[in-house]
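What follows is a single structure, written as structure tokens, with notes after it.
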Amino acid sequence: MTAAHVRKALFGFYILVFFAYLFGPLVIMGITAFNTPAYPTVSPFERFTLDWFSVLAADKDLVYGLKKSLWIAVLVVLVSVPIGLAGAMVMSQIYARARSFYYLVVVSPVLTPGVIIGISTVVFWRQTTNFTGTKFIYDGTVLTVLAQSSFIAAYTMLIFLARLARFDRTLEEAALDLGATRARVFFDILVPFLMPAIASAAVIAFLSSFENYNTTTFAILADKTLTTVLAGRVRQGTTPALSALAVTIVAITVLGAILYEILKRREEARASRRAAVAARAETQEFAVAPAAAE
Amino acid sequence: MHSSIGQFVIYGLPPLVVAAFFVMAWTERRRLGDAAPPGFVARNGWPVATFLIVAVGLWTVFMIVMPLMAMIDLSFRPKLPPPQWGGPKDFYTLENYKYFLFGSTTSTASWNVTHLTAFFLTIWVSIIITVLDFLICYPLAFYMAQVASKARLRFVLLLLIAPYWVNEILRAFAFRLLFGTQGVINNALVAIGVLDQPIDFLAADVALYAGLAYAYLLMMMFALYNAIETLDKNQIEAARDLGAPWWHIHTFIVLPHAKPGIASGATLVFMLTAGALAAPLILGGPRSLWFTPIVYDRFYQAFNWQQGAAYALILLVACIVFVLGVLKIFRLRLGEIAR
């Protein structure tokens, strides 16, 4: 055996261990969801059952938390995507020292531990509410949206920055020369160009909000979301109903991913068809144009 | 009502900083003279410019800067029942920080061993987890960025992301099932006769470290992948043709090129690990050793928000020191890592 063979075998072994580490815990959790004992266990595998899924559906706290989490995630998308877009546009328009200072401020939430964002939001709004009397802000849902958006907006900003870097400014100028207003340029040129980035920013914002724990556990106050309910459960002791929940989440997201993939392929196919048609039209135009010139 | 200094720090400073920012931008435009691009409002039009300023203003002032200022301010205040907040007894003090060091607000006779140990252990373990994640991720990141075909890459990326669709709490729960005394590993080891009785992995913190390394793996993976991906394949080819052994290629070509990626991955993993709350709560052993659960307890068990704020600030400062240290070691600027 040569050295290259040894290296290849070692790499194969590493890949095996890596993916065992990545999937092992989840696979085992998945199996426990279908086993009868009240404590989640794989061996002995007594009997296949789906009871834990009905236990899950009947759990009022979890269902309440789930609804709350979904609601908060929608609000976070609505708050953080526009903010991220604005942040990225401002970033792309300033330069030099002002830019690095601005960058430091808006990227800092990404580099701040989540617990600290949660704590500082609660502390600030408690004090501010005390002397301004704006009681509606000091509410679990509102505070959670504010706290989560502060760093999720930074994520979305990074996505928009990447997309804006490829934006062709001459398109804007052309539209202005043709008499479009600034607002129309924004809505008819920039926003359509950013649409893919807006979609992925929304998805990322939704997911990061939905599964956030560190920030939420402080900002949610006495209220609860799915993750805080789950955290309480897991600490008290574990039941296979939680495994069933994980299986459900995985099933839904796998379906979502497959759907996304199908849509994307279809989009790509459509785009390439359109490109082919455009190319054909162009060659025809070239063939016709000289004749017309004569 | 708080003392006027506190009020000023929280509510006055951020607008001043914003004003300073505008002055800075304005003077820079002035210096550029005719070379300056069109002004902000001229470039965006009134409606869009207003949207940009309002959105960014609300975000930076009310969501980023002011809350942080309020937390810093609170951390220097004594523990008082809420009605007395801002009253005559509410003055600036270092007692929360004193408590962190000495376990008492008055005496400095003995060190606060529990909290100090927890703090330094958190920092130390976070560094170890960061290094561990780097070692785990590097080979695969290199493979994805330089070796794998496009189709294979897409598949590997899908495999990588899939486990992270599951909630953080449930992932930690999965590790409990794996490492518990009745868990899969113990059952297997007992069944094949390696052990005659189960080991308490949770108490030994094995589960905690495995879970933490798992939780933030992707941050390191994508940071490394992005950095290595920009390396020209020809450079590796050339080095190989010149007879460089594989470890030379990695040490002298790939790693130096991936420096910004390593730094940003390390920063993210360290910060997330040091600030992790779910994994320590669920997988931590009975000896409460992690720092974040202590912060949590300051708030919701001891109801000592002032001390909790001080502890949170200590954690934040530790993270900032780590980030600056990484930048110094790798000789990078902040802009290069937070991409």
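Note that Cβ sites are derived from N, Cα and C of the backbone, with glycine treated the same way.
Small disclaimer: the values here were computed from a predicted structure and weren't measured.
TrEMBL lists B:6-27 (among others) with the feature transmembrane segment. Sequence-distant contacts of the transmembrane segment (B:6-27), counting only residues of its own chain at least 6 positions beyond either end whose CB sits under 8 Å from a CB of the stretch, comprise 57, 60-61, 65-66, 69-70, 72-73.
Among the features that TrEMBL reports, transmembrane segment is placed at B:48-72 (among others).
Taken from TrEMBL, the feature transmembrane segment covers B:118-143 (among others).
For B:119-326, the entry in TrEMBL reads domain 'ABC transmembrane type-1'.
Within the same chain, residues 140, 144, 148, 185-186, 201-202, 206-207, 210-211, 214-215, 218, 221, 278-279, 282-283 sit at least 6 positions outside the transmembrane segment (B:155-179) and bring their C-beta atoms closer than 8 Å to a C-beta of that stretch. Summarising the annotation, TrEMBL assigns transmembrane segment to B:155-179 (among others).
Feature annotation from TrEMBL assigns transmembrane segment to B:206-225 (among others).
Residues or ranges marked as transmembrane segment by TrEMBL: B:262-283 (among others).
The list of residues near the transmembrane segment (B:309-330) in space but at least 6 beyond its ends in sequence, with Cβ under 8 angstroms from a Cβ of it, reads 71-72, 74-76, 96-97, 99-100, 115, 119, 123, 127, 259-260, 262-263, 266-267, 270-271, 274-275, 291-292, 294-295, 298, 337. The annotation transmembrane segment is assigned in TrEMBL to B:309-330 (among others).
Sequence-remote contacts of a segment are chain residues at least 6 beyond its ends whose Cβ falls under 8 Å from one of its Cβ atoms, and for the transmembrane segment (B:262-283) they are 122-123, 125-127, 129-130, 133-134, 137, 168-169, 172-173, 175-176, 179, 202, 205, 207-208, 211-212, 215-216, 219-224, 227, 255, 289-293, 296, 315, 318-319, 322-323, 326-327, 330, 332, 336-339.
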